[in-house]
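Listed in Swiss-Prot for this protein:
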BINDING   18, 60, 61, 62, 63, 64, 65, 256, 321, 393  ATP binding site
């Protein structure tokens with residue numbers, strides 16, 4: 001679980017997302033409150049529930065990007081889902097309970113990786129011994145029984161030294177490695193994924209853990225043996241309990257496109273993929289118990305962050321009960337020309353930096369002048385205003401169009417330096433930007 005302060009979280013998000021300070025502050029406070037809650041006594045901790053967040057803003061302003069970056073910062077079970085993929089219980093499609101099942105699977109993977117890393121040193125020692133046994137097989141007595149290995153024998157120590165120095169990495173040995181589990185592919189109808197995964201687990205466990213001799217390079221065998229030995233040191237039941245605890249205490253669910261499940265106008269008949277989904281989400285967000293293959297999971301303290309553009313609907317179109325369960329509202333602002341300029345240069349691995357690195361692989365040196373970047377930002381903003389406003393995603397389209405000629409000819413331009421200034425941008429983009437019909441379809 002992350003112990004970063006809200007200021008540190010916002011600073012980290014600033015490295016990737018331009019503007020949207022109020023949204024960054026809201027998620028930073030929510031993330032820090034997870035840590036604060038865990039410092040409380042057990043009785044009070046149980047009473048403190050997370051304040052769920054609703055992020056409102058046009059497409060392409062950073063809602064999903066905030067979720068992606070938050071997942072890396074949280075160091076807690078995290079899952080991002082699209083609200084449009086679910087239908088009401090009893091109809092064909094995914095049920096909302098699968099969100100918690102997927103979150104628990106994600107936690108299992110995270111906790112298993114942490115446990116393996118914790119036991120890595122011991123696993124490496126055991127893997128090393130198995131490779132040395134394959135290189136210097138233990139002697140057998142007159143009755144054909146394997147004698148105890150002499151750990152300090154000169155030959156074994158010599159091979160150990162060579163192994164650690166990497167001299168034997170490319171040498172092939174025959175060694176007993178775990179056989180791949182029986183692969184059974186089952187095509188599941190929508191909504192039956194849980195049953196399918198249980199059937200697959202059952203088939204995989206039928207044969208037990210078998211090994212078979214394989215001839216492999218030592219460096220490849222070493223990696224696999226470390227995984228095998230580390231897995232032996234991990235208690236599966238303990239892992240399950242730790243994963244369930246992590247989900248219940250620190251789990252975060254990000255629900256994207258929640259505006260797409262708002263009811264639109266008066267309609268007769270059941271609305272199974274809109275209002276029905278909202279009603280199914282209510283108990284999940286309020287707190288209920290979900291049955292997963294790893295055990296029962298309580299959702300009382302899972303943090304839910306929902307986001308939507310709300311261009312053809314408003315948050316008031318959500319059912320009142322759901323609105324009440326998303327008490328913190330954050331509005332993200334549409335991007336300006338200045339924001340586009342900053343997006344092109346400031347974030348880590350910005351778009352301009354990416355294109356420079358890609359062209360450098362062909363020996364072409366690309367440089368962007370300040371007036372060139374300003375003109376690219378103006379072109380993107382102009383097209384957003386005249387056509388559909390898709391936010392920062394428009395920059396990808398504009399940049400790809402601008403760089404198309406260079407990208408095509410780069411392999412024949414080794415050693416060339418190209419400066420992209422305002423004149424270069426005007427020559428390549430102005431005609432398209434000025435013609436609304438062309439920009440609508442090409443940009």
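Keep in mind that glycine also has a Cβ here, set from the backbone N, Cα and C atoms.
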Candidate with the highest Cβ count within 10 Å, taken from the binding-site residues 65, 321: 65
For ATP: widest Cα to Cα gap among 18, 60, 61, 62, 63, 64, 65, 256, 321, 393 in Å: 34
Residue 61 (ATP binding site), number of other Cβ atoms within 10 Å: 26
Residue among the binding-site residues 18, 63 whose Cβ has the most other Cβ atoms within 10 Å: 63
